[in-house]
Amino acid sequence: MAHLDSEVTEECLREDLKFYFMNPCEKFRARQQIPWKMGLQILKIVMVTTQLVRFGLSNQLVVAFKEENTVAFKHLFLRGYSGVDEDEYSCSVYTQEDTYESIFFAISQFHQLRNLSLGTLGYGENEDNRIGLKVCKQHYKKGTMFPSNETLNIDSDIEIDCIHLDLQTLSKNPQDWKNSSFFRLAFYRLLQVEISFHLKGIDLQTIHSRELPDCYIFQNTIIFDNKAHSGKIKIYFDSDANIEECKDLNISGSIQRNTQYVLVFDAFVIVICLASLILCTRSIVLGLRLRKRFLNFFLEKYKRCVCNADQWEFINRWYILVIISDLMSIIGSILKMEIKAKNLTNYDLCSILLGTSTLFVWVGVIRYLGYFQAYNVLILTMQASLPKVLRFCACAGMIYLGYTFCGWIVLGPYHDKFENLNTVAECLFSLVNGDDMYATFAHIQQKSLLVWLFSRLYLYSFISLFIYMILSLFIAIITDSYDTIKKYQQNGFPVTDLQEFLKECGSKEKCQKESSAFLSCICCLRRNGSDDHLMLIN
């Protein structure tokens, strides 16, 4: 009697394992179980992608409004701005007179803003709840300098002096504040002059897209940088735009109704993602329970533990990816609804969440393509080669970092692509892909023959090492994994304990009736008998 119960337990376990590792179409054929998760994932792909496209179009308006205002501010407040930035700064001056005129020009333009600007702009309050300009200058505490005698006596402590110019002060005679002692600059001690002011604006272009407009606060800063004391003062313009809730919006028309429709659509996306999250979490819990049953049975019958590879088969990594995607979609949709209702203004965080979740949703489509043998080769090759590729990249990364630091410290003063670590890494990555090679060689400054010779040795060795050796080995690793998978498909995959257990067919195996022709067409065809040795991807 105990032996019979053991056989029944083993047969039930085998049947549950076989059903667990079936794809949705095979489950329908076996037990007429409708593939809810697959249908829900297909619906979610459509819903999430539609939501992302709508939000992307709205976000484009926000980005365009910020960028266009920054360009307009540069033309308004920078004297002699040509429309194109000089390197990383906007423009530069070379004489004391040009410096004074540039400072006074920015102040005067701020005072006359309402009569000059084409945008919907107004004055905003700064950190001190005051409206106007804040001008600060940094300079060394004291000192004397006589370059002709090579004499320098200076206190390196830095002093910061600030003055606030409100609209009432600017409305007076301009010579009153221009002749102030504050604007008498000792250029040999001067480090920088900073002009900061706040402006408010309303983005009306969203009305054409049937959306509620956003209110902006622009925190503008103009910096006259003289830290190098090289005879050239660099002028930097920075505009940081913050979106705030408009205090009083009264817009007639169909915009409010359109906003309600979008909010309902976002709520439906949340419901779909929540249902997907629950179903995938349930499947993972069932898989863990099934693994526990299999481990206990294997330990009792064979007196040994199951290998780690078989244990990991019960944890479906695709479900984990779907769960992460669902969580990000739910949080992103909530943020989007708050942004749409003008309760929040964090576009960047919402974009990251919705964009990443959509990426994971589309990557998850590979799981369903894996049900077909032709596409399964690609997936199995990626799975087999990934650990080797990661180990190889770790080793190659050490060499890459070495070249990055070396290029930065040696070629940085002579080549604009090697000025900082970030640009060096980007330049070397472009060289690995064969981009912009001639320009990298040609732009090196030939001021030092030793550095020029070193640059040739450096670039030739890097290109030869990474393109002809490391990149070729990288491709060889993937090719070797592909060849291995092809051989396994021809001769059979190595049989694990789990697969051996599943192959032990019970005599009482039941065959369910065939699925409907419609479902077979939209899902996948029945596997051929010669494909039984392939590992099913759940």
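Note that Cβ sites are derived from N, Cα and C of the backbone, with glycine treated the same way.
Nobody curates TrEMBL annotations by hand; they come from automatic prediction.
According to TrEMBL, the feature domain 'Mucolipin extracytosolic' maps to 62-247. Among the features that TrEMBL reports, transmembrane segment is placed at 261-285, 318-337, 349-369, 389-411, 457-478. Look at TrEMBL and you will find 350-485 tagged as domain 'Polycystin cation channel PKD1/PKD2'.
Only pairs six or more apart in sequence are counted, and the transmembrane segment (389-411) with the transmembrane segment (457-478) gives three or more Cβ pairs under 8 Å, enough to call it a contact. Secondary structure of the domain 'Polycystin cation channel PKD1/PKD2' (350-485) per DSSP (helix as H, G, I; strand as E, B; remaining residues coil): 116 helix, 0 strand, 20 coil. Averaged over the domain 'Mucolipin extracytosolic' (62-247), the predicted model reaches a pLDDT of 84.
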